[in-house]
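A.B. asks: Dumping what TrEMBL says about this protein:
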- 1-122: domain 'Nudix hydrolase' (DOMAIN)
- Arg17, His22, Glu28, Phe29, Pro30, Gly31: 8-oxo-dGTP binding site (BINDING)
- Gly31, Glu51: Mg(2+) binding site (BINDING)
Amino acid sequence: MAAAIICRKDMILLARRKPESHLGGLWEFPGGKKEVGETLEDCLRREVREELGVDISEPLPFHALHYQYPEKVVELNFFTCSIIQGIPQPLECAEIAWVYKHELNSFAFPPADIPVVHKILHSGHLAE
C-alpha cells in the first residue's frame, strides 16, 4: 500500500475514513492498494486522484513499515508530495482537513499510521 503525506507550506492533508469502512471514522494519509504491474508511485498518483480529485508532485519516500492487525498484515509505504493541480475534495472519504504538524496528535489514526505520525512530529521541514 502507498500513502501520501501531502504538504502545503506548514500543513498536511488528512482524510477521514467513511464510518462504514474498516477502521471507520479514523483519520489517515490518503492512498491505497497497488494494482498488478503498478509502481508504488503510480499507485499513489492514481489513488490520490480517485480519492481527492487532484494531481500530485513526484512522491518522495518518507517511511516504510509492516503492521500486524489481528486479521491481516499490511505493508505501508509513505511518501511526501504536494498538490500540483486541482483542489482536494472528499470524493472517497468522509471528510478532509489541512492540519499543522503539531496538531497531528489531536486526530485519531489507525494503529499502523502511529509510527509515521511520530516520525513527522519529530522531523524537520517536510519536502513539498
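Please read every residue number as a count from 1 along the shown chain.
Each Cβ is built from the backbone N, Cα and C atoms, and glycine gets one as well.
Heads up, TrEMBL stuff is auto-annotated, nobody curated it.
Bear in mind that the values here come from a model prediction, so they are computed numbers and not experimental data.
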A.B. asks: For Glu51 (Mg(2+) binding site), find which of the binding-site residues Arg17, His22, Glu28, Phe29, Pro30, Gly31 come within 10 Å, Cα to Cα.
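C.D. replies: Checking Cα-Cα distances against Glu51 (Mg(2+) binding site), the binding-site residues within 10 Å turn out to be Pro30, Gly31.
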A.B. asks: So which of the binding-site residues is most packed in, judged by how many other Cβ atoms lie within 10 Å of its Cβ, out of Arg17, His22?
C.D. replies: Arg17
A.B. asks: What three-state secondary structure does DSSP assign to His22 (8-oxo-dGTP binding site)?
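C.D. replies: Where His22 (8-oxo-dGTP binding site) sits, the three-state DSSP reduction gives coil.
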A.B. asks: Please compare the binding-site residues Glu28, Phe29 by how many other CB atoms fall within 10 Å of each one's CB, and tell me which has the fewest.
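C.D. replies: Counting other Cβ atoms within 10 Å of each of the binding-site residues Glu28, Phe29, the minimum falls on Glu28.
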A.B. asks: If you take the centroid of the Cβ atoms of Arg17, His22, Glu28, Phe29, Pro30, Gly31, the listed 8-oxo-dGTP site, which other residues of that chain have their Cβ within 8 Å of it?
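C.D. replies: Counting only non-site residues, the set is Ala3, Ala15, Trp27, Gly32, Cys93, Pro110, Asp113.
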